[in-house]
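S.K.: My questions all concern the structure below.
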Amino acid sequence: MAETVMEGGTLTNGVQDSQKTQIPTRKRIRWWLLLLSGACTAVGTVGGPLLQKLYYMHGGNRKWLLSWLQSVGFPILIPPLFFLYLKNLSQKTATTSSLFFMEPKLFLSSFVLGIVLGFNTYMYSAGLAYIPVSTSSLLLSTQLAFTALFSFFIVKQKFTFYSFNSVVVMIFGTIVLALDTSHDRPPGISQGMYLSGFFLTLGGAASFGLTLPMMEYSYQLSTRPIDYTVVLQFQFVMNLSATIVTSVAMVIDKGFQVIPREARNYELGEVKYYVVLVASAIVWQVLSQGVIGTIYCSSSLFAGIITSFLLPLSEVAAIIAFHDKFTGEKGMSLALCLWGFASFFIGEYKNARKSEIIIETNETTV
């Protein structure tokens, strides 16, 4: 939020006008967009791991391919961006800004974060090949702690009672889930492979926890108001950058050459093999849109809260899809995560209402 600047004890008109336009944009949460972003995050967080596990279970073993799929679906953003561009042209007048594309510094930030995302997706995809889904979900839940830590230092995230309570409760939820994690390795997985998957997934959680506040910080660097068009462009460039990284890795690993042979040998059939790949690309792009949209509407910490809240639900989905056991520890973990999510959401709503009252009061007195 822009700070008040005084010149000779008087508020300058330029800053005053800027505050009129920017404060409501930054503080008034678009709840419908936040709910939509949350729904997209849910689809990706639950559906993505299931599709990746389905790929591994029936004969797939290309880790860079799964990493590539997590970002290669970015072209689906072209139609909405093109529509928004045409809408911007039709509404352009002498008094409105003709600027449509994001600033160069946002472009650079999104491109660099995309490089980080490329390696992050590999760590997650490779880790899931060696450890159970429950263990993977547990380790990924630790990203909430990383997000909270990095948010405190990078974007100066202030903790309220509600947000602190949410983080603590959800961390306890992951600890409870850890009590139910089997120490038995999956069949055919050596001790070294298991440890490799363990630390790769933990590294993925840490890098994801860093990426979220870095996205929020990038938004704060903008000298122009951030609208949803900029959010879509940010996602487009970030996923394009990640796709370049993973595509280079695929070429080096000869992953593209293996796809036809792997499809022919896939246990579910060649057609279903490609269905799994295409569905994965779409689902991961939906997740990316949900996370970035949540940061835009609220904060990086709230995006981390939602992701951690949804990870136990992936356990439930795994039980339905793969017939895993649902133990009491998993039920307690789910309840704690629901409690933590509700606590943060209530606090966010109360803070938003207070901010709107302050904004309306300021607008009335100006």
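Each position is counted from 1, following the chain as shown.
Every residue gets a Cβ built from N, Cα and C, even glycine.
I grabbed these lines from TrEMBL:
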type: TRANSMEM; residues: 31-52; note: transmembrane segment
type: TRANSMEM; residues: 64-86; note: transmembrane segment
type: TRANSMEM; residues: 106-131; note: transmembrane segment
type: TRANSMEM; residues: 138-155; note: transmembrane segment
type: TRANSMEM; residues: 161-180; note: transmembrane segment
type: TRANSMEM; residues: 192-212; note: transmembrane segment
type: TRANSMEM; residues: 232-252; note: transmembrane segment
type: TRANSMEM; residues: 273-296; note: transmembrane segment
type: TRANSMEM; residues: 302-322; note: transmembrane segment
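Distances, neighbours, how buried they are, the whole picture for these features please.
M.R.: Residues 48, 52, 55, 100, 114, 117-118, 121-122, 124-126, 229, 232-233, 235-236, 239-240, 242-243, 246-247, 249-250, 253, 255, 258-259, 277, 280-282, 284-285, 288-289 of the same chain lie 6+ residues outside the transmembrane segment (64-86) yet bring a C-beta within less than 8 angstroms of a C-beta in it.
Outside the transmembrane segment (106-131), and at least 6 residues removed from its termini, the chain residues within Cβ reach (under 8 Å) are 49, 52-53, 56, 61, 63-64, 66-67, 70-71, 139-140, 186, 189, 193-194, 196-201, 203-204, 207-208, 210-211, 214-215, 218-219, 221-222, 230, 233-235, 237-246, 249.
Distant neighbours of the transmembrane segment (192-212): 113, 116-117, 119-121, 123-124, 126-131, 135-136, 139-147, 149-151, 185-186, 291, 295, 300-301, 303-304; these residues of the same chain sit at least 6 beyond its ends, with a Cβ under 8 Å from one of its Cβ atoms.
Beyond the transmembrane segment (232-252), the same-chain residues lying 6 or more positions past its ends with a Cβ under 8 Å from any Cβ of the stretch are 64-65, 67-68, 70-74, 77-78, 80-81, 84, 101-102, 106-107, 110-115, 117-119, 121-122, 215, 218, 285, 288-289, 292.
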